[in-house]
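What TrEMBL lists as active site, proton acceptor is 165. Under the heading ATP binding site, TrEMBL lists 204, 205, 206, 207, 208.
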């Protein structure tokens, strides 16, 4: 019996081997091939307060390069924004070396030559260009010299216009939310029925609002027409220079020095030696600059936690009386009716996140935000320190002021993942008044402030990389059009 079994083993093994071979012949090659190689792109986002580097990747072997771009890694550059090196431009280039060296390690060596590298500077450099074109050019030259020393495919170092910055943020937000086009579970591309989101970006030196509009803009300088994935979009965008968080805080400081000699938005018990040169050297404080002053003079300024005076100080930054169009946001800037859903990022996120995670205050509705802001504004410096064991120079006063640098009419959107809803005539606007330290408001960008709706969670989680994907597209990194099928393949 044993011999019979042994005699059957060779034929059985042969049959098994034959069956395995047959299965291998039947399995398509694509099901067993090695993971595809990747393409990479590097974007340096040179903001007014700091620079961030983002490395992106996408499949290299997709037909028509229709892979989905993803963020591979990021790096925060130490020090201030490149505009802060106006007096020593070479340091602007040197500041980028550590992150660029990281990119050398993370991007495969064989991909270095074909990896596009781009630097886009925003409002900080726009301000520097206004005050000193020569210094601005020197900083860009120093940065370019550093970037060209690396083996990547350098595509340039440029100052983005406010319009570019606004549109980039809008495109990126809607791309990541799959509002333009989506890859379905059946393996086909299709255009979602949902509309686009408006985008609001609060940077250090400027803030942008961008959204799709139905008709032409009364002011053509605020209109951009885009054709993305076979679809036409008419977009309103405006960038408010000097209305970024850092510059507004500086303007409030100048206003406090000029009007009161104390700071009503700072907490009681907090004081600081203010160097006048630091206050008045910004082009954003020109209107508040004394005719004669000594830049080296230091002034001791104390906080008083006065909500009413603080609110008045903030409102002085906005002009609501001048408008030569059918309607304006502020400062005579045309803005069509705001409706639909919005998303806010950058400092909009950081401020509310601080209130929640560091100060431990619930901020899920407009009413809760108002309570949180009033809670902070009415406390002394020692009470604020005790809440989270915060010590100078942790800028709790900056959050007190900055948790709403625009009582006037600048709007803040809650962090991605949560929204405060305000019903408008055409839909739901996810807007949160960029609250003053004392009272949140919802006017200025003009959504109608009605009863807040319940928050929505799980929208998305991204902040500072918002504009960089679109920047990657703009300089020809083959993301925007190569990540989707040809237009003819996209349903109308």
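Backbone N, Cα and C atoms are what each Cβ position is placed from, and that goes for glycine too.
Just so you know, TrEMBL annotations never went through curation; they're auto-generated.
Annotated features taken from TrEMBL, shown on the structure.
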residue	record	Cβ within 10 Å
165	active site, proton acceptor	28
204	ATP binding site	23
205	ATP binding site	30
206	ATP binding site	26
207	ATP binding site	34
208	ATP binding site	28
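Residue 165 (active site, proton acceptor) has 208 nearby among the binding-site residues 204, 205, 208, counting only those with a Cα within 10 angstroms of its own Cα. Excluding the listed site residues 204, 205, 206, 207, 208, the same chain places 48, 122, 123, 165, 201, 202, 203, 239, 240, 241, 243, 244, 245, 247 with Cβ atoms within 8 Å of the centre of the ATP site Cβ atoms. The secondary structure of residue 207 (ATP binding site), as reduced to three states from DSSP, is extended strand. Residue 165 (active site, proton acceptor) carries a helical DSSP state (H, G or I).
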